[in-house]
Amino acid sequence: MGKTIGLTGSVATGKSTVSNMIQQAGIPLVDADIAARKVVERGTEGLKEIVAYFGEEILLADGTLNRAKLGEIIFKDKEKREKLNEITHPRVKDYMLEARERFFEAGEELVFFDIPLLFESHLESLVDKIVVVWTTPETELKRLMERNNLTKEDALRRIESQMGIDEKARKADFVIDNNESLEKTQKQVLTFIKRFVKNK
């Protein structure tokens, strides 16, 4: 059986950049955000269950999920947010495990699970090791303000809604320092991969 590595970070620490580097190195990666979209596509049991609970008004004219509308509803209502998680989380988990199984059956030695809220969702048991993409909190704040065109207050609010990056780094098995150049980050990524995969 191959190894599964959980990849996580915080809101603007560069996890997507590292995720792309991993895939460019030829290592399979299963993205929790993509899985979350797949399990509520038109015609899925996930979407049917969401409609049964929230009503037809959360659908667009073409029968797909109106994410903006659903987002508005769950943002204001904790009970509804928990219900949505109850519907989607087990399906996302199954989707990711099935994808991993296919990679291992195809002979892959290493699979990454890209899970933004890995610690917050208590999904540590899904993976063998955890890698956190880290930057200083100052760099994280600066990048988020620039990337999303946010005020300092809005950016801080978004960062504070998640577990702090330093706490995530303490919980991790490995930390990739993405505070400097992309070249340095890539070197760390490739060194990490070589620990587990001999021919990469």
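Each position is counted from 1, following the chain as shown.
Cβ from N, Cα, C; glycine included.
Copied over from Swiss-Prot:
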- 4-200: domain 'DPCK' (DOMAIN)
- A12, T13, G14, K15, S16, T17: ATP binding site (BINDING)
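Taking Cβ-Cβ distances under 8 Å and a sequence separation of 6 or more, the neighbours of K15 (ATP binding site) in its chain are L7, T8, G9, D114, P116, V133. Note on A12 (ATP binding site): other Cβ atoms within 10 Å of its Cβ, all shown chains, come to 23. Within 10 Å of its Cβ, the residue among the binding-site residues T13, T17 with the fewest other Cβ atoms is T17.
Most other Cβ atoms within 10 A: among the binding-site residues G14, S16, that distinction falls to G14. Annotation note: S16 (ATP binding site) sits in a helical segment as assigned by DSSP. Sitting within 8 Å of the Cβ centre of A12, T13, G14, K15, S16, T17, and not among those site residues for ATP, are the Cβ atoms of G9, V18, V133, T135, R143, N178.
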